[in-house]
Structure formats: structure tokens, C-alpha cells
Amino acid sequence: MVKDKAPDLSKHTPMMRQYLALKANHPNTLLFYRMGDFYELFHEDAEKAARLLDITLTTRGQSAGVPIKMCGIPFHSLEPYLARLVKLGESAVICEQIGDPATSKGPVERAVARIVTPGTLTDAALIDDKQDLWLLAVTTHRNTAGIARLNLASGEFILIEVPTEQIPATLERIRPAEILYPESWTPNFGVDVARTRQPDWYFEFDSARRLLCDQFEVASLAGFGAEGLKPAIAAAGALLQYAQATQSGKLPHLRGLTVEIEGAYLGLDLATRRNLELTETLRGQPSPTLFSLLDNCVTSMGSRLLRHTLHHPLRARDIPAARHGAVEALLEDYGRLGNEVRKALRGIADIERIAGRVALRNARPRDLASLRESVARLEGLRAPLSDSPAPLIAQLFTELETPYPALELLVRAIAAEPGAQVRDGGVIAPGYDPDLDELRSLNDNCGAFLVDMEARERERSGIASLKVEYNKVHGFYIEVTHANVDKIPDDYRRRQTLKNAERYITPELKAFEDKALSAQERSLAREKLLYEAILDALLPVVPTLQTIARAIAQLDLLAGFAESALKRNWCKPEFAAETQLSITGGRHPVVEGELTNQAETFIANDCLLAENRRLLLITGPNMGGKSTYMRQVALIALLAHIGCYVPADRCVLGPLDRIFTRIGASDDLASGRSTFMVEMTEAAAILHHATNQSLVLMDEIGRGTSTFDGMALAFAILRHLIEKNQSLTLFATHYFELTRLSHEYSELANVHLGAVEHNDRIVFMHAVEEGPANQSYGIQVAALAGIPTAVVRAARKQLREFEQRAAVDPLQPDLFAQGAPEPAEPEPHPVVEQLAAIDPDSLTPREALDALYALKGLLR
């Protein structure tokens with residue numbers, strides 16, 4: 001956290017001096033200052049919080065001659081307000097009273113108890129249980145970006161280095177909750193998340209490396225494979241320093257770094273993730289998406305792994321193939337294995353996040369009770385897995401071994417139904433600690449003592465209505481109505497006067513009060529001490545709990561895949577060494593799911609792409625299903641690469657490195673880009689980066705400009721994809737002239753989506769057939785959309801005129817006719833090419849001089 005210069009406190013009241021001293025350490029963060037039963041905010045913080053949280057802003061008194069603006073919330077309502085702030089991208093500092101008001105001279109001592117930021121949340125009430133929460137830091141060195149990300153709840157700490165132009169795509173894949181970056185930057189991240197500037201020295205490599213080595217208790221980072229990753233280590237150091245500051249100390253559950261290799265995942269750029277609607281629809285809704293369809297997971301850990309897996313399909317096939325084998329094993333004996341696993345998973349709590357809170361020492365009593373019940377279920381979860389032939393399931397069986405010492409501790413120490421907070425008591429189980437049991441016994445005997453004393457005092461005083469009672473404000477007292485005050489014994493001392501009664505205390509009752517209240521206070525203090533000792537005892541078990549949590553998530557994911565495959569009749573995909581994407585009876589998983597809900601049937605289609613058939617040119621009417629067909633092919637490929645069965649009768653896939661999509665039309669007003677500019681930008685990315693192992697989907701290229709321009713661009717892009725990229729491509733178009741290219745390129749095949757016209761009406765068949773379409777049915781689709789009949793009639797008349805005129809004198813030349821050859825574009829001079837590749841801002845003086853000599857050498 002960045003600190004401001006300390007303010008002049010001499011003219012302020014003692015309480016405001018204390019507040020301002022704390023606030024000076026957190027100038028850019030809302031500070032919640034505990035005062036009795038409320039958290040108060042002052043001055044600018046109060047104005048901001050009142051606006052964001054819709055609470056009353058008031059002014060009370062003055063300090064240093066300035067009116068004190070303030071607002072507040074009850075202490076027991078803090079969490080909902082924090083949740084609202086975090087959703088708005090705000091951070092908060094929680095300042096608690098740590099001194100005793102009864103013994104304090106001046107303001108009660110206060111200290112920062114925790115700092116809540118969008119990327120460092122661990123409280124279950126503040127975070128989505130089905131989504132990982134990543135804190136991310138990024139910095140650059142020359143043309144390389146170092147990115148570090150931390151999941152504080154699970155302890156995952158991951159590094160990656162990518163070219164700087166890939167920062168937006170990487171952030172879109174990770175979807176962090178908060179991004180840290182050097183304050184000297186003007187970032188353009190391309191994602192809308194909370195951003196936190198940090199001093200540039202936070203990202204200094206040497207200090208970052210030392211900090212990381214201290215955290216992991218190692219001499220170097222070579223053991224993690226990270227020693228040479230300077231930008232990533234710099235980012236990781238800034239990240240760790242920030243996390244330690246927010247958690248007020250060390251993070252014992254962070255035990256190492258994972259280096260993510262660029263290219264380990266099937267490449268999905270921003271446009272592809274959006275167009276395939278993996279976890280969010282094009283309209284920003286959570287369903288219907290691939291995630292909402294597949295999320296059969298029983299545990300929140302499984303749901304989070306599913307979301308992560310959808311955005312991280314693996315390029316290598318070993319892990320997906322192992323998952324296919326595990327799903328197959330679950331399906332072969334689903335009643336005994338798959339179904340039993342899902343039953344056993346029910347009731348298992350979020351062990352991953354509870355373990356994180358144990359490590360951070362902010363686990364609540366009910367967290368430990370949930371952990372106890374979940375660990376006790378592990379043997380029942382393991383039992384069905386014991387004889388599975390699938391290697392992955394056998395591995396999970398080993399990882400799910402019950403940590404019995406931890407379980408025994410939780411059973412002995414934590415009450416069956418503990419209180420919500422340690423401060424409320426009732427957390428430690430009876431019989432765990434003799435001293436606590438004795439203190440509780442004193443406290444529990446209060447009721448019997450009061451009943452006995454009430455009977456004795458009634459007999460002694462002759463007052464039948466006399467009561468001996470207790471409340472938290474006035475303690476123990478004897479209550480006598482005004483009509484009977486003349487009968488009270490001499491040793492009664494008045495404690496409080498009410499409208500209809502007087503309350504008294506006696507020496508005997510006072511002595512008991514001191515003893516009872518002391519026992520209660522000591523009992524709560526003892527429980528707090530014991531609870532902290534239990535957290536200490538559980539700390540060494542945290543790595544084991546993290547392993548168990550990962551195994552449960554993996555098993556839940558696999559069981560969910562098996563459930564989807566069984567319910568929807570999906571097949572096990574096959575991986576092949578040669579170039580191909582062969583799908584028989586493929587369906588779009590999400591569209592089929594929606595149609596099934598409406599008791600309708602999805603029309604299955606085949607797709608064959610191979611070495612000698614690399615491009616399918618798709619024609620057909622609007623609404624005929626071209627975009628759905630293209631997306632289903634991409635989704636089937638992606639599902640295979642995450643280890644899931646696929647919606648098809650059969651599927652064989654060769655090697656893939658990336659999936660590109662150019663589908664749909666939308667402008668980007670925020671960046672000032674028109675629909676056509678967005679289309680061309682996405683097409684440019686494909687042409688620059690697609691390889692012969694990429695799957696490319698391109699829909700309606702060139703429609704955002706004039707007919708001639710659009711057709712010329714579509715032709716040139718199509719030719720480039722065939723000749724240069726040589727990708728496996730699905731290319732949908734309304735330019736029927738492009739279909740003639742099948743005579744020029746043997747690897748291009750024409751297919752179309754069929755339709756039938758009857759009495760000026762159109763019926764879409766949604767079936768993919770070989771060969772080109774013969775017309776687009778645009779006017780019929782316009783009629784279906786509700787265009788006025790008169791307009792449709794006029795359009796038909798105009799179309800006939802165009803067709804008659806074209807038969808005599810074609811409106812447009814044949815773009816594919818062989819005309820006079822165009823003059824060849826001059827080849828750029830080598831000096832120009834090399835000069836264009838130089839980034840002067842990234843060169844050292846020595847490197848710039850070397851580059852200049854190299855250019856001069858080329859001129860010779």
C-alpha cells in the first residue's frame with residue numbers, strides 16, 4: 001500500500017489524531033474505524049462510502065476547526081457492505097479496537113486487522129464459490145511481459161512470460177479480480193477489472209527474487225524452473241509484497257511457484273472466447289453457455305475447475321486422454337461407480353478455501369466444523385474407486401487418503417454445532433479442556449444460584465413478587481416493585497430506578513456477580529486461546545488438505561463429464577497423429593441442450609477436414625445454421641482437448657495448436673472502431689498467426705463494405721488461408737462467386753446448408769450437404785422477420801429486374817476471370833525491412849550502435 005506524508009496532528013482531538021495516523025498509511029483506501037458497536041468512516045472516506053453504499057452522511061463536531069463528516073454501519077453488518085464495495089472494485093481497511101475501554105487512558109488502542117481488496121478476498125461471504133479469484137501483477141522488459149498470478153484461497157502461485165502484445169489475451173484467459181502494475185505505466189489491459197498502481201520499486205528484480213526466496217525458504221528459484229524469468233519474477237515479487245501487506249504477515253500456504261509454458265494451452269484469443277460463449281453469452285449473461293450446460297458438479301471446487309478448464313484447453317493430449325479414460329471407466333459401471341461417486345461428493349464442503357483460511361488464520365468455527373464433516377466422508381468417497389482400471393482414478397484414490405490425526409483433533413476439539421464467532425463462545429467441545437470445562441461450570445450454575453437466591457430472599461423479605469435477574473447492561477440485580485420497597489432488608493443497595501420498580505444489589509449477589517462475570521470472561525478468553533492453538537496444529541496439514549481438495553475437484557469434474565455423456569449420448573473422442581478433424585453426427589452442445597428443454601430435436605451434421613481437404617466453403621441462407629455449424633465444430637474440438645466426451649457419434653482429431661473465430665458483427669465504440677474495422681482486425685490476427693495446425697472459423701468476411709471491396713477481400717483472404725496459412729478452415733460466405741475456387745484448389749470443398757421453398761415460404765433443413773448453395777433466400781428470410789408485405793413484394797420485383805439485366809449485361813465483372821496481369825509490387829529493400837522491425841525505445845545505446853552498423857553493412 002502506498003503511504004502519504006504523515007499529516008500535522010497537533011491541532012486535532014486525540015481520537016482524530018489516532019484516526020489520521022492510521023489513515024496516513026492507507027490514503028487511497030476506505031478505512032472502517034471501529035467505535036463501539038459501529039464502524040465509522042470520516043471526511044472524504046465518509047463522502048465516498050455514503051455515495052457508494054447509500055448510507056446517511058452526517059456532520060458531528062469539529063477537529064482542528066474543521067467539521068467532521070462521518071457515516072457508519074453496525075459492526076454485525078460489515079460483510080454485506082464489504083461485498084458491495086468489492087463488486088464496485090473498491091478496497092477497504094478494517095481497523096479494530098484492541099485495547100480495553102475500561103482501562104484505556106484516552107482513545108482505545110486500535111490497529112488494522114485486515115485489508116480487503118478485490119483480489120485478496122478469502123471470506124466465503126465475499127467471493128463467488130464457482131469462480132477462482134486471481135490477484136495478478138504485470139510488468140514488462142523490452143518486448144516481454146512478466147505476469148504473476150496468485151489465488152490466495154488455494155495458494156496457487158503461477159508465472160508466465162508472453163510477448164507484450166499478448167497481454168490482453170492472457171488477461172482475458174485468466175480473468176483476474178485485481179491487477180497490480182507499476183505506477184509509471186499508462187496501461188491498456190483490454191479487461192475491465194480493479195487496477196492498483198504500485199511503486200516502481202515493488203517490481204525491482206533483485207528485491208523480488210530475495211523476497212520470493214525468503215517466502216519459500218530456498219537459496220534460488222531454479223528448482224521451480226523460474227530462475228531466468230526476470231520480468232515474471234519482478235511481477236511475482238510485487239504480488240507477494242502486496243499480498244503480505246493485505247494479510248498482515250506471512251502466507252504459510254504459499255510453498256512454491258508454478259511456471260506456465262507459453263503454448264501449453266490450445267490458443268484461444270479474445271474474439272474466440274467471446275464467440276464460443278464458453279462462460280458468458282455474447283450479451284454478458286451466465287447462461288446458456290458451455291459452462292452452464294456442463295456444470296453438473298456437486299462441489300464448488302469441481303465447478304471452479306470446470307470453469308478454469310474451459311478457458312485452458314490443453315494442447316498436449318496426455319492429460320485429456322487420461323480424462324477420457326477416467327470418464328469411460330465411470331460410465332462402464334455408472335450405477336456402482338459414477339453415480340456412487342456423485343452421491344459421496346454431496347455434503348463435502350469447500351476444503352480448498354477452508355484450508356486457505358486456516359493458513360491465513362481467519363477460518364471461522366463453522367469452517368472447521370465443515371472441514372471435520374468433509375474429511376470424515378473421504379473414506380466413503382474412496383471406496384468405489386479402489387479397483388478402477390483407469391490410471392487417473394487410481395491416482396485420485398491415493399490422493400484422497402484421510403488425514404486421521406487432523407480428523408481426530410477436529411472431532412475432539414470443535415463442538416458439534418459451534419457458534420458463528422469465537423468471541424460468542426460455544427466453539428470448543430466439552431471435555432477437550434478441563435480448565436474451560438470448570439469455567440463453563442461456574443457460568444452454567446448461574447441459573448441455579450439465581451433461583452435459589454430468589455427463593456431465599458422472598459422468604460427473608462416477605463416480598464412474594466421479588467425477582468433476582470441479570471442483563472448485560474446492569475449485571476445481576478434484585479427487583480422490587482414500588483409498593484414493596486418499605487419491606488426491603490437493610491443490606492439492599494439501590495442499583496437502578498424504574499417507572500414501577502427499584503433494582504438492588506446485596507453483598508452476596510455482588511460477590512457472586514464478580515465471580516460469575518469473571519468466569520465468563522475467562523471462559524471466552526480460554527476458548528480464543530484454544531481455538532488459535534487448534535489453527536496452529538492444523539497448519540502443517542494444509543498442504544495435505546490442498547492435495548485432497550484438488551483431487552476432489554478433479555473427481556467431481558470427471559463425474560460431471562460422465563453425467564453429461566450419459567444423459568446426452570456423447571462419444572469418446574479419438575486423437576490421431578495425422579492432420580484431420582473428422583466428426584460424424586456432430587451437434588452444437590448448448591443449442592441441442594436448449595432444444596431438448598423445448599422438446600425439439602437438433603439436426604446432427606458431419607464435418608471432414610483433412611490434409612487434402614483443408615477448407616470447407618459454406619454457403620446457404622441466413623438462419624440456415626452456418627454459424628451454429630461452425631461453432632459446434634470448434635466446441636467439439638475444445639471439449640476433446642479438456643478431456644470431455646463430445647456431442648457426436650464419432651470424432652477423430654489430429655494435432656491442433658489454436659482455434660480462431662471471426663464470427664458475428666459488432667462495433668467497438670469504446671475504441672472508436674466500426675463493425676468493419678473490428679472484422680478486419682480479427683481477420684488480420686488470424687492471417688498473421690494461424691498455422692497449418694490451427695482451426696479457423698471465418699463467417700461473412702467483407703460484408704461491412706461495398707460489394708466489390710467485400711468480395712475482393714473475401715477472395716484474397718480465402719486464397720491466403722489456403723496457400724499461406726494452410727489451416728483447417730470453415731469459411732462461410734454469401735459471395736457465391738467464391739465457390740468457383742474449388743476448381744482451382746483441390747483442398748477446398750464446397751458444402752451448403754439446405755432449405756426448401758414452397759409458395760414463397762422457406763423451410764430451413766439445417767442439414768450440411770456437399771456442393772454449393774444455389775441461392776441465398778434473403779427475401780424469404782426478410783419476410784419471416786416481419787418486413788412489411790409491400791416492401792417484400794417490391795424487393796421481389798427489383799430482384800427479377802436485376803436478374804434480367806444481369807443476363808444481358810452483367811452488373812459486375814467476373815472477379816475470377818483472367819485479366820491483364822497486374823504489375824508486381826516491388827519487393828521492399830532489406831534495409832527498410834530491418835529498420836521497420838527495430839523498436840528504438842527498447843534498445844540500449846550499445847544495441848542501437850550495433851543496429852546502425854548492421855544497416856550500413858546492408859547498404860554496401
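Glycine too: its Cβ is placed from the backbone N, Cα and C atoms.
Shown in sequence order, Ile603, Leu753, Phe764, His766 are the residues of the chain, 6+ apart in sequence, with a C-beta less than 8 angstroms from the C-beta of Gly625 (ATP binding site). According to its DSSP assignment, Gly625 (ATP binding site) is coil. Here Swiss-Prot flags Gly620, Pro621, Asn622, Met623, Gly624, Gly625, Lys626, Ser627 as ATP binding site, drawing on sequence analysis.
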Key: Output field, ATP shell: CB within 8 Å of site CB centroid, site Gly620, Pro621, Asn622, Met623, Gly624, Gly625, Lys626, Ser627 dropped   = Leu753, Phe764
Collapsed DSSP category at Gly620 (ATP binding site) = coil
Inquiry  = Restricting to the chain of Lys626 (ATP binding site) and a gap of 6 or more, list residues whose Cβ falls under 8 Å of its Cβ, or answer none.
reply    = Ile618, Gly620, Asp699, Ala732, Leu753
Query = If you draw a 10 Å sphere on the Cβ of Ser627 (ATP binding site), how many other Cβ atoms land inside?
reply = 20
Request  = Please determine which of the binding-site residues listed here (Gly620, Pro621) has the lowest count of neighbouring CB atoms within 10 Å.
outcome  = Pro621
